[in-house]
Structures are given as C-alpha cells and as structure tokens.
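Copied over from TrEMBL:
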TRANSMEM  40-58  transmembrane segment
DOMAIN    42-327  domain 'Sugar phosphate transporter'
TRANSMEM  70-90  transmembrane segment
TRANSMEM  110-132  transmembrane segment
TRANSMEM  144-166  transmembrane segment
TRANSMEM  254-277  transmembrane segment
TRANSMEM  297-327  transmembrane segment
Amino acid sequence: MILEGSQEKRHSFTHENVEIRTRRSSALDKEALGLFNTRAFTFLVLWYFFSACTLFLNKYILATLKSDPTLLGAMQMVMTTVFGFIQMYLPLGMYTPVSREGKPPNFWRNMMLVGTMRFSTVVLGLVALKFVAVSFTETVKSSAPLFTVFISNILIGEYTGLYTFLSLIPIMLGLGLCSAYELSFNIQGFLAAIAANLTECLQNVYSKLLISGEKYRYTPAELQFYTSIASIVVQIPACFFMMDLEKVHRTLDITLLSSLLLNGVFFHFQSITAYVLMGYISPVTHSVANTVKRAFLIWLSVILFGNPVTFLSGLGTIIVTFGVLLYTKAKEHDQNLLALKEKYKKEIGDTEILVRQV
C-alpha cells in the first residue's frame, strides 16, 4: 500500500513537471514569434484603438468638463472591476480559462501589489495630463523601454543583449522629437509623469511574471478583476484625501457621468488587451510597442485636432519607425548569439564530463 501510494505520488509529480515544461515551452514559442503571431498583432491593434479612445476622452473629461482626476481614476477602476468580473466567466475569445483548486500562493499579496501600482499609474498619469499637454507626458514616458530593461532583468532575469539595448535609443529619441513641437513644462506635471512611468514599468514586468508563471499562471481576466478590487481598496482612503468633493458635486451632470462610464468601458478593454498581449511578447518588446503607441497617439491628435506638424515631429516618426525595425533585427541577432553561447557551454560541459570519465 505504501509502495503504491509512493508510486502514485511520484507519477503525479512527474506529470506535473511535464505539464510545467510543456507550458514553459509553449510560452517560449509564443514569445519567439512575438508580434508576427496573428493573435498577438490583433490584440496590439485593439490595444492601440482602445488606448486612443481612453486618452482623448480623458483629456476631454479633465480639460473641457473640468472633472476631478481622482474621480476619473476611481470610475475607471470601478468599471474595469465590473467588466473584469464578467470576463472571468465570458472570456470572449481573449484567453483560455485555467482550472485550478484554490488560489495560488501569495495570491492576495500579488493582487494588492499590482492593484496599488495600477491605481498609482492611473492617478499619476491623470495628474500629469491635468498640468501638461498630452505630448509632454508621452515625451517623458519615452524612457519606458530603458526602465523596463533594468526592471525585467532584476525581477524576471530577462536577458537583453547589447544590440537590443542600443536599438532602444533611436526609439526613445524619435518619440521625444515627435512631441518636441508642443512641450509645456510644469514641475508638478513632470514629476507625476516620471512617477507614472516608473510604476507602469513595474506593473507591466510584475504582471508578465504572474501571467507567464510556470506552476501557477494567472489569466488576463483574473489580473484585471482582482487587481481592480485591490486598487479600489487602496482608492478609498486616497479618494478621501485627494478628491475635491465640492468640485465633484458642482461639476457632476449627465454629460460628465455618461462620459465617465464610457471612459471606464474603454479603459477596461485597453487594460485587458494589454494583459493578453503580455502573454505573447517579452516585457521589453511590450514597452517598445507602448512607445510606438505613444507616437501613434501623438500623430492621431495632430490629425484630429489640427495641430501644426513640424519638421522635428516628422523626423521623429521616421526615427521611431527605423528604431522599431532595428529593435526587431537586434533582438533576433542577440537571441542567436545567446543560443550559440548556450550551445558552446553545453559542448564544453559535455567535453569535461567525457574527460573525467576517461
């Protein structure tokens, strides 16, 4: 009986290891394809679309309707909590549900961490948007790939080769030039944009760690729903200290309320498409895609609002495009170099074993 139980336990352990290895191999295969994967590219387009809707509605609510940034951030979290709960039972083809017994270890700690980072990113971004132009905020955030390289190396040990690292420079420089024509410096807006940049990079890398876990893998809807709940818990005392209740009471009408609700829907789909995309690409590639998205949004604002186009903004767009192509080639080159190094180490190791045996 003891022997049978031991064999059964060993079989279960082996089966679990095989399942983990299969999942890891599948994740690596998806990351190797990156944005060349049809689903990944589809979610990239959806992410860009919903980000544009959210950003311009944010600006309309804050600048035209004169709403409080904390109220807008709170409404976004409430709406994404509601829709996140629905999407846990109706995936809508965005992800494959994961069946598990109970919650993974440190579940609520992880959710509180990501939730706090999500809330901080949203509120800091909205504060920055209140004090400075969209383009200035995006220019400050152009340093995101650099932050992500260091954070992903520390948290998940992701290797970034020299050529990949160097290819990030034209991408960041290009985005800075894209928005150079509309810079409007303000110390409060600048500090808020820097802080939002850092918390967003931390949030993205940590979320990638949870989504790509080997033993316990979170689904995009779980991250969306539970981190939104955690964010709301953090929001309650924050709203008490930060929200101007008199201003909220004075400005809240049917137009503002409907705009807040619609903005919350857009924000939910922006967030969940970003989480789904994380499952297909590395944090650094995600950060690069985010930088390209910012350049796209700047140009979209030029087209929609008729802002003047300067030589620098046109040059910046060309440099960003060139930088992205360079990044793709550099990443492929660095991955090939890494594979050759690993192969060489293995061959050296095998040779040493043979020498010892002789």
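Quick reminder: no glycine exception, Cβ is built from N, Cα and C everywhere.
Counting Cβ pairs under 8 Å to the transmembrane segment (40-58), the stretch among 70-90, 144-166, 254-277 with the most such contacts is 254-277. Away from its own ends, the transmembrane segment (110-132) comes close to residues 58-59, 62, 69-70, 72-73, 76-77, 104, 140, 184-186, 188-190, 192-193, 195-196, 199-200, 202-203, 206-207, 210, 223, 226-235, 238, 242, 271 of its chain (Cβ-Cβ under 8 Å, at least six residues beyond either end). Mean pLDDT of the predicted structure over the domain 'Sugar phosphate transporter' (42-327): 80.
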